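Marked as active site, nucleophile by TrEMBL: ASP113. As annotated by TrEMBL, substrate binding site applies to TYR169. Residues or ranges marked as compositional bias 'Polar residues' by TrEMBL: 1-10, 264-274, 281-293, 519-536. Annotation source TrEMBL lists compositional bias 'Low complexity' at 507-516. The feature domain 'Pseudouridine synthase I TruA alpha/beta' is assigned by TrEMBL to 339-442. The region 'Disordered' annotation in TrEMBL covers 1-49, 264-294, 507-536.
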Amino acid sequence: METPASKTTVSPPPQQEPDLKKPKMSTTTSDDEDAATMTPGGDTTTKKQRYKRRKIAIFFAYCGVGYQGMQKNPGAKTIEGDLEEALFHAGAVPEQDRGIPKRYDWARSARTDKGVSAVGQVVSGRFYIDPPGLVERLHSNLSPQFRIFGYKRVTGSFNAKKFCDRRRYVYLIPVFALDPCSHRDRESVLASLGSGSELMKCLECSERGRKVAGAVGKRSFELTDISSNDKDASVKSEIKEEVGVLLDNGLEDIRNSETVNETNIFQNDGSGSKSVMPESVISSNSEDASVNPESKDEIIVSVENGDDEKTKSKEEMVRRSSFCYGEKEKERFNRILGYYVGSHNFHNFTTRTKAEDPSARRYIVSFEAKTTVNVEGIEFVKCEVVGQSFMLHQIRKMIGVAVAITRNCAPESLIQAALQKDVNINVPTAPEVGLYLDECFFTSYNQKWKDSHEEISMKDYEEEAEDFKMKHIYPHIATTEHKEGSVALWLHSLNHRNYPDLRVSNIVDNNNSEDNNNGKESTGFENTAPCTSLRN
């Protein structure tokens, strides 16, 4: 029997407390937690709260001025580049994923070209949306040109590009651009000189560097109904100096052969002063001469109490054009736009895409121009086009051809020819300033996941979108036209010298049907005059 004294007691070796494992930081998802841990000294510390990444769709708008388009491009200022940086600084993207959008499943629903704006743009990805206030944090890191409307949770497989069924774009074209007599090319203006109905509307562009030879220059004017005192004589002298300002441009031979007696028009503005308006005259060096694109380019010299006044505002200095977007004009323009509807080969309406490329074939759901909007004194026609997808410059080129046809620079059959696969045509491209992305549609996705996820649409943000459109996009389009005359200047290029293919004619259904009856396929050019830039 063993006694307690006979037992050998072996004490265990002293053990050190094990080091606490450092929590692994996940770059994808981790549960929300706020756990308390014990330090070796016995103190209690709180672990930093971690959040889960969520797959979301972000709805936002932007004004494209100053940006080189939506898609990120190294060395260029882009919408995508600024938005990615804002997401990082807002805490939605971790440091290790900064500048690597593939790591957070980045996708955009639509691309926009340089200078093009958007109201209903959508991007998707996996982001940290907690703590609350992501929208406010994004706005604090973006310029006022952006407006983040909000975001919605989507399925893990959602992709803003792949799941977008249709896109709707809007192009605002000034009404005067559809007037065949407005902003004609230089040859047409010269041909009309001395006819009594001169096409002088394009002369406002002379202030912006595009001068029309012979249309502005040294001429004789019979200034009647002005008293012959010294100050009035100085007014007459100033007018002669202004209208002869282009003498130094090497155009004397054209101007000196043309002497036109102008009829003066007097108006009473209610203040007792009278203004003389020599028709078809505009000063090319006057900083105060602002001309409305819909006007007939007349300059007013005002005389009040014997003192000269500067030229008056646009509303007082010009007479409105009689052209309007009435029912007849609307019916014709919409008929022209209707040629684009359906599935066609649009290789002539983009760049760097061959006719044989399957991506050249696109489907247009609708193309209409039924409403007008007046912004800062300019009336615009609202052209809405809905399609599955669009190529680079496609919409601007479609508008360019439609405007050329409406202005009688080309026949309607030009569109039918341009949509043929075996015909190459050089078509005009309308300025980018009037184009904006209006909305992206996710019909199939919404139908499939309507019972478990929120609808991906702009319905919840309609008021905010309309407000942004009226405060930023529309004023930018109108202001650019007032200051730069982008559309007015572009209209001068719509002539056969710059675009020989606009001469294509006689492409009618009768000719096509005759050729088809003879058992051969027609390209529409068999009965037309040869054009050097057409390549079958």
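For all residues, glycine too, the Cβ spot is worked out from N, Cα and C.
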Tell me the Cβ contacts of ASP113 (active site, nucleophile) under 8 Å, same chain only and six or more apart in sequence, or just say none.
GLY69, LEU392, HIS393, ARG396, GLU432, LEU435
So for the residue listed as 'substrate binding site', how many other CB atoms are inside 10 Å of its CB?
24
Residues in the domain 'Pseudouridine synthase I TruA alpha/beta' (339-442) grouped by DSSP into helix, strand and remaining coil:
28 helix, 37 strand, 39 coil
